[in-house]
Amino acid sequence: MPVSLPYLWLGLGGSVFFGFFAEALEVYQSWRGSPFSREARRLAFAWVCAIVVLVAVLFLTKTATLFSRKIILVWFVTVLVLLVGLYGGRRLLLAFFRNRGRNRKTVAIVGANALGKRLQVAIVEMPWLGYQFVGYYDDREPGRLLQSCTPLLGDLKKLYEDARHHRIACLFITLPMSAEKRIRSILAHLGDSTLSVFYVPNFFVFNLLYSRWDMLQGIPVISVYDTPFRGVDGMLKRAEDLVLGSLILLLISLPMLIIAIGVKLSSPGPVIFKQRRYGFNGQEIIVWKFRTMTVCEDGEDVKQAKKNDARVTPFGAFLRRTSLDELPQFINVLQGTMSIVGPRPHAVAHNEQYRRLIPGYMLRHKVKPGITGLAQINGFRGETDTLEKMAMRVRHDIEYIRHWSLWLDLKIIFLTIFKGFRSPNAY
């Protein structure tokens, strides 16, 4: 890379813009419990925003011709890799020392209850966070305390004394929100110390464990039912679908042509079977598949394919067992009505049936339906002949939505290649 004054100014501008976006995205304000994936996304997004603004400035000032596009691209990719790599290396180094007892903070919990116990287990099982659990504080009668919450360091008076003498560094309060007066009293007393205090709301009560916090004009709100694909994550998901979908469609174009000929020769009827299904937000979409049956059902009463189903052609049975009948759905992906990874779409008739029987069934439509998903790689593919099987499929779909990450998508795609294409339940 040529070292000249314009490039030095370019580097300086990139650094300034990156610093601005990193501060806005709170890259430098992370805490020990934040997952690496979240921090890496913030870091990468800050750098992408910096480069986008920098390039926009170059075009507006008509100075873009002073720089090589290849050099800017190499610079962008190199710095991105270095930023994420160095950040990850720093976390690994800290984890190395913390696992050996260095750079650790003493931690205690107020509230010898079930939530406190779960928090204790999490702290003890993750030594790389750098927390050393020392015990509980609780001023209730011994009979009201969870017996497995040990050791008990004392009551709240003992807590205030230990806080004043710097015997603990961090405190987690796991009392229920109904104990507002006790919590306020504790916080008032601890305001006269340098102790780091965290309040742990019991999200398990309303199943909010993986929900997201947002601020609305300074008012905290928690997402209970929402899509994970807003803002940056939505752009990442769409980019993943477009890039991988285009690449895969190129690779499978010849096999799709051969399959189309096979479908046409094996039985009379259209090559492509189009069926109405529910997509994102419960809107009807048209899903494409290679026809595998002698009939094309898409009405109010659609019967699932069963073992030795007379409607399935011999060639169609092979396609269904190997999931090759679903290859045309990559066209749906490029159209934007489906994703590569997501909950499998069901026929409209089946949706209307199961939404009345399974609580939370329609939550799977908070994202686009997918060609493969978490349920499929865990064995819930093909016929769902019992309500329990469908409920387990829905449970995996909702788990995918709550835990979504780009890495999880890639993991599901990888596992689908090796074990997701064949299933004893696919007829």
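These residue numbers are counts, starting from 1, taken along the chain as shown.
Positions of Cβ are set from backbone N, Cα and C atoms, glycine also.
Nobody curates TrEMBL annotations by hand; they come from automatic prediction.
Listed in TrEMBL:
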- 6-28: transmembrane segment (TRANSMEM)
- 40-60: transmembrane segment (TRANSMEM)
- 72-97: transmembrane segment (TRANSMEM)
- 237-421: domain 'Bacterial sugar transferase' (DOMAIN)
- 242-267: transmembrane segment (TRANSMEM)
Counting only residues 6+ away from its ends, which parts of the chain sit with a Cβ under 8 Å from the transmembrane segment (40-60)?
10, 13-14, 17-18, 20-22, 24-27, 67, 72, 76, 79-80, 83-84, 87-88, 232-233
Folded-back contacts onto the transmembrane segment (242-267), same chain, C-beta under 8 angstroms, at least six residues removed:
290-292, 294, 313-316, 319, 324, 327-328, 330-331, 333-334, 340, 413
Sequence-remote partners of the transmembrane segment (72-97) [C-beta within less than 8 Å, at least six residues beyond its ends]:
1, 10-11, 14, 36, 39-40, 43-44, 47-48, 51, 55, 103, 128, 130
